[in-house]
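Chemist: One structure is given below, represented as structure tokens, and several questions about it will come after.
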């Protein structure tokens with residue numbers, strides 16, 4: 001064997017030995033992390049753990065009809081033992097504990113997970129079968145042990161991904177996987193009976209396969225790898241249906257890269273495809289600013305011969321979902337304890353007696369999930385001819401959020417779909433002469449003259465003349481059936497910038513960034529002190545800057561042009577994946593933005609992209625250190641110390657919160 005071949009052989013052996021040493025060391029750290037979090041997190045204290053355990057248990061112990069029911073009676077003994085374990089482990093330390101000795105088996109263990117694919121729950125079920133005769137707490141711990149395996153897949157995938165992105169000797173090959181191990185909220189999920197970490201593992205495998213193919217040459221094996229990993233991810237958590245387009249995107253980008261075509265043409269094709277897709281899947285039949293929790297089968301606005309203002313009216317199906325609109329928050333806060341006057345032209349397909357409308361408000365300092373309703377107690381006899389009807393409402397001074405909703409309900413059974421139509425609506429504060437019919441002073445109804453008063457109409461789009469796009473009914477129903485959320489409803493909340501703009505695009509992203517490493521155990525455990533949130537934000541900002549510096553250096557480096565093209569393609573795909581996951585996590589709240597339920601979504605929904613997020617932080621800071629030359633080792637040490645500090649602080653927070661239970 002020639003000396004050159006011998007040297008190459010020894011280098012290869014050295015790389016393989018270092019790789020396996022790295023894998024074993026990181027695996028050992030994962031095991032240590034899992035053991036620590038199994039010890040410091042008492043039973044039932046993970047996100048939705050009782051509900052996920054309930055579903056896994058029901059698949060093992062109940063007949064199919066009981067498994068699928070949302071509020072099914074369970075085995076009373078199981079419910080009593082589970083609730084008893086929850087009380088014993090201080091689950092209800094800040095809540096009212098149920099009387100579990102008197103339960104008759106009703107499902108009080110949280111929102112049913114029966115809509116999820118059963119893949120993960122069947123895996124957990126094997127451990128429950130083995131420990132079927134053990135107490136319920138032991139069964140839970142066995143299920144947690146099964147879940148912990150998927151953290152290994154996440155870390156191993158991060159090793160493979162970083163080896164695909166970097167050259168031999170690059171310290172990011174061990175630094176990024178190490179930091180992934182030290183992310184406490186990910187370890188928190190990995191020691192829970194919860195399908196989140198399974199989805200994180202599946203998406204990590206997908207990213208590894210995509211990056212491996214894009215940074216080198218996309219092959220059929222890569223394509224199969226990518227497709228299988230993404231299907232696995234969605235099978236683990238149906239809410240991630242929106243990531244499915246990433247698979248064909250990765251394949252197309254890989255083929256484009258293989259052929260050496262210009263990227264501008266791919267952008268042009270993508271834009272044209274998006275336009276065609278929008279034309280095919282969207283329609284304009286929803287009244288702007290008027291939203292529902294689930295879309296009704298009927299359009300949100302219709303052309304009607306009785307329309308008083310313009311051509312359209314807003315239909316509300318009798319005894320169906322309410323249609324509502326959120327008033328401007330600033331206006332509500334600036335007007336404590338005020339009188340509202342509402343007027344509208346109304347008529348129906350068939351005569352019916354209904355309440356005209358109602359208001360719902362959220363009081364200052366109250367949980368967003370609870371509010372008070374001001375109903376229209378006096379019913380209105382609505383006929384097939386338009387009539388102008390008015391109502392007055394006193395809004396209490398503690399109201400900070402106010403909704404107006406159209407909900408023509410009746411206890412009388414309807415033989416067919418009966419719709420009540422609203423047109424020419426007016427909402428004005430103060431004293432007005434309601435015996436007179438108001439007159440719009442602008443064509444869009446924004447300003448109105450009512451009696452002797454002239455003011456802005458507090459109802460937006462009061463006659464349904466403005467439209468918002470909705471997806472085809474078949475698309476809405478398909479996604480709603482599989483993932484329990486409605487694409488059109490989410491789209492409408494995105495478009496209502498007055499209502500959701502600040503929440504979706506300011507409050508929610510800031511909340512997720514500040515609490516990226518700071519929110520544990522149902523959100524009830526936070527790292528001690530107020531330093532960690534701003535520190536996370538600063539770490540992320542430095543990572544973004546450093547990553548930009550690194551990409552710029554790649555663009556300016558003429559060496560290994562084909563290799564750099566592949567790297568840049570992989571970086572671009574990772575950026576797209578990160579943005580999509582974070583937007584999906586941000587819009588999670590949009591699925592719940594109706595009158596009686598509004599709370600910021602948790603940072604765990606960003607964790608499918610945790611390798612990318614951690615890679616930006618660690619890699620960006622390392623890139624800045626490399627740029628400065630002598631600060632290279634200091635940058636590495638800074639990253640390790642910071643991530644280790646986050647991890648230790650999380651363990652301390654758990655120990656302090658659950659003192660006496662560990």
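Backbone N, Cα and C define each Cβ position, glycine as well.
Copying in the features that TrEMBL gives for the protein in this structure:
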type	residues	note
TRANSMEM	21-41	transmembrane segment
TRANSMEM	141-162	transmembrane segment
TRANSMEM	174-191	transmembrane segment
TRANSMEM	197-214	transmembrane segment
TRANSMEM	226-253	transmembrane segment
TRANSMEM	265-284	transmembrane segment
TRANSMEM	531-555	transmembrane segment
TRANSMEM	567-585	transmembrane segment
TRANSMEM	605-624	transmembrane segment
TRANSMEM	636-655	transmembrane segment
Chemist: Within the same chain, where does the transmembrane segment (21-41) have neighbours whose Cβ lies under 8 angstroms from its own Cβ atoms, ignoring anything closer than 6 residues to its ends? I mean 6 or more beyond.
Modeler: 141, 144-145, 148, 151-152, 155-156, 159, 173-174, 177-178, 181-182, 184, 187-188, 190-192, 521, 647, 651, 654-655, 658, 662
Chemist: Is it the case that the transmembrane segment (531-555) and the transmembrane segment (636-655) touch, counting contact as three or more CB pairs under 8 Å in which the residues of each pair are 6 or more positions apart?
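Modeler: Yes; at least 3 Cβ pairs under 8 Å.
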Chemist: Go through the chain and flag residues at least 6 beyond the ends of the transmembrane segment (174-191) whose CB is under 8 A from any CB in it; none is fine as an answer.
Modeler: 22, 26, 29-30, 33-34, 36-38, 41, 46-47, 144, 147-148, 150-151, 154-155, 158-159, 162, 197, 200, 516-517, 519-521, 603-604, 607, 610-611, 614-615, 617-619, 622, 636, 639-640, 643-644, 646-647, 649-651
